[in-house]
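Novice: Sharing the feature lines straight out of Swiss-Prot:
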| type | residues | note |
| --- | --- | --- |
| TRANSMEM | 28-48 | transmembrane segment |
| TRANSMEM | 53-73 | transmembrane segment |
| TRANSMEM | 116-136 | transmembrane segment |
| TRANSMEM | 153-173 | transmembrane segment |
| TRANSMEM | 180-200 | transmembrane segment |
| TRANSMEM | 226-246 | transmembrane segment |
| TRANSMEM | 248-268 | transmembrane segment |
| TRANSMEM | 281-301 | transmembrane segment |
Amino acid sequence: MSAASASTAPQAVSSRFSQFYALTKPRVVQLIVFCAFIGMVLAVPGLPSGEQWLHMAIACFGIWLVAGAAAAFNCLVEQHIDARMNRTAWRPTAKGELSNAQTLAFSALLCLAGSLVLFVWVNALTMWLTFATFVGYAVIYTVVLKPRTPQNIVIGGASGAMPPVLGWASMTGDVGPEPLILFLIIFLWTPPHFWALALYRVEDYRKSGLPMLPVTHGNEFTRLQVLLYTFILFAGCLMPFVYGMSSWIYLAAAVVLCTGFCAYAFRLWRNYSDALARKTFRFSLIHLSLLFAALLVDHYVL
């Protein structure tokens, strides 16, 4: 082997790894695992034991694998759509860097490995709920809903709201009202989050042919929906306190964060600009992350 070929071999392996890793949509999956982790922690009274921390780590790994599998399958199905959108044209499937067979095999391998981890080392309920979430996102949302209805985000948001339920089930072996409240919060958060993105990426979505709300119903109608959903979300975010899951620490954080989200949505409704829509979208990510972090702090402080 020549020196040149020897030096390029590691680069080729690294490049191929990066391509497969990109299929898993790492930043999205990180938020999914974080929300699942919050569900795990809240399910355990007091500080978890060493054994429970290990159990959480294994559960997070299994959920990460299946979530990555769903993301990869989404990239496979939407590769031609992704190629027409500036936001997603860089994905390996859209650029033709990975074949359909490679992507499908990678998705299947991750799903199988994650399901096996959850079934063997966590519990059967978590495995089945996680697999159902995979089907909900990869098949029902990606294949059925997204290309057919502007309400795709609303209906399909159920699969994206599942992580706290998965986390809770992984620690308790059942599903109670508490994780369903967390499910409701993410379910209500999803439409204004994605519609804010769709507003300033509307031309991308128009080129893609996807029936996103700004494309089918226009900018003004979508802005109103963002505003209305943030009001409903505000009420939903109070539920952990009302139900007794949290104390005033979480309540104070929820009020501040939801007021901020509503303020962004109101400004967006009154005086639209792409820059403001982008800020609203970014704040929605901060909102959910800090909201769940506040739940975590509240759980340990009081």
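Note: Cβ is positioned from N, Cα and C throughout, glycine not excepted.
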Novice: Would you say the transmembrane segment (226-246) and the transmembrane segment (281-301) are touching, if the rule is that at least three C-beta pairs must lie under 8 angstroms and be 6 or more residues apart?
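Specialist: These two segments touch.
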Novice: Checking distant contacts: for the transmembrane segment (226-246), what same-chain residues at least six beyond its ends satisfy Cβ-Cβ under 8 A?
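Specialist: Beyond its ends, the transmembrane segment (226-246) has Cβ neighbours at 42, 177-178, 181-182, 184-185, 188-189, 191-192, 195-196, 199, 254, 257-259, 261-262, 264-266, 268-269, 280, 291, 295, 298-299.
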Novice: State the residues, same chain only, that lie 6 or more residues beyond the ends of the transmembrane segment (28-48) and have a CB under 8 A from a CB inside it; answer 'none' if no residue qualifies.
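Specialist: 56, 59-60, 63-64, 67-68, 71, 160, 163-168, 170-172, 178-179, 182, 186, 245, 285, 288-289, 292, 295-296, 299-300.
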Novice: Of the stretches 53-73, 116-136, 153-173, which racks up the most C-beta pairs under 8 Å with the transmembrane segment (180-200)?
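Specialist: So the stretch in question is 153-173.
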Novice: Same chain only, please: residues at least 6 beyond the ends of the transmembrane segment (53-73) with a C-beta under 8 Å from a C-beta of the stretch. Say none if there are none.
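Specialist: Apart from its flanks, the transmembrane segment (53-73) reaches 20, 23-25, 28-29, 32-33, 36-37, 40-41, 103-104, 106-111, 113-115, 117-118, 121-122, 126-127, 130-131, 133-134, 137-138, 142, 163, 166-167, 170-171.
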